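Asker: What TrEMBL shows for this protein is this:
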{"type": "DOMAIN", "residues": "17-136", "note": "domain 'Ig-like'"}
{"type": "REGION", "residues": "188-213", "note": "region 'Disordered'"}
{"type": "SIGNAL", "residues": "1-22", "note": "signal peptide"}
{"type": "TRANSMEM", "residues": "145-171", "note": "transmembrane segment"}
Amino acid sequence: MLTFLALTSVAFLGIVPEQSQAIAIYTGWERHALVGSDIRLSCSFFSWRWTSEDVTFSWTYRPDGSRDSISIFHYTGGAAYVDNKGPFRDRLEFVGNPGRRDGSILLKNLELNDNGTFTCDAKNPPDIVGRPSSVRLLVFEKVPIQAGVITGAIIGVVLGLLVLIVVIYYLMRFLVARRVFSLSVSKHGKKKKEGSQQRQGPVPPADPSKIKV
């Protein structure tokens, strides 16, 4: 009954409640890092509305081999709150910009035990319905062989292409210079021949009286 009266009052006053729309949240898919390094985990969202002053970001962490997730970070009301009892209590920093829909965090001094899945959720009231996005973090003591091979292959291909481009460039310059030189020599020889003929003059006709019969 009270709900009916409230809706009737809203309709009578001409007040239409703002409708909520879906929000899309984005993170990376998988990140690799070395022990002792820092890494930035990005989180952003898309909403049809302007960024609300009540925008919120939440990060949770699920270690590899565990089914339970723990809350490690929350941003609301313009303030950032880091879990002071979790595994990242002294190693997590908020580096995002909520005004630009950025809820990124920075994990410092990574450890092997940090391997796991990080999930970001964002709300931009009245748009609060959205699917959280997750990114998996893999921490290594040294660069994995596979990653090293792939990186080396990419570098090799790039260097090979650069060398090929340089070779083609100088080959084209050589061919063009050779062609220009050939044309120049040919033109110079033709002019020299014409000049020689002009200096010699026309050949005088033979004297008929000196011709022996």
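Quick reminder: no glycine exception, Cβ is built from N, Cα and C everywhere.
Automatic prediction, not curation, is the source of TrEMBL annotations.
Map these features onto the structure and tell me what's around them.
Answerer: The average pLDDT the prediction assigns to the domain 'Ig-like' (17-136) is 94.
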Asker: So how many of the residues in the domain 'Ig-like' (17-136) end up helix, strand or coil by DSSP?
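Answerer: The composition, in the requested order, is 6 helix, 59 strand, 55 coil.
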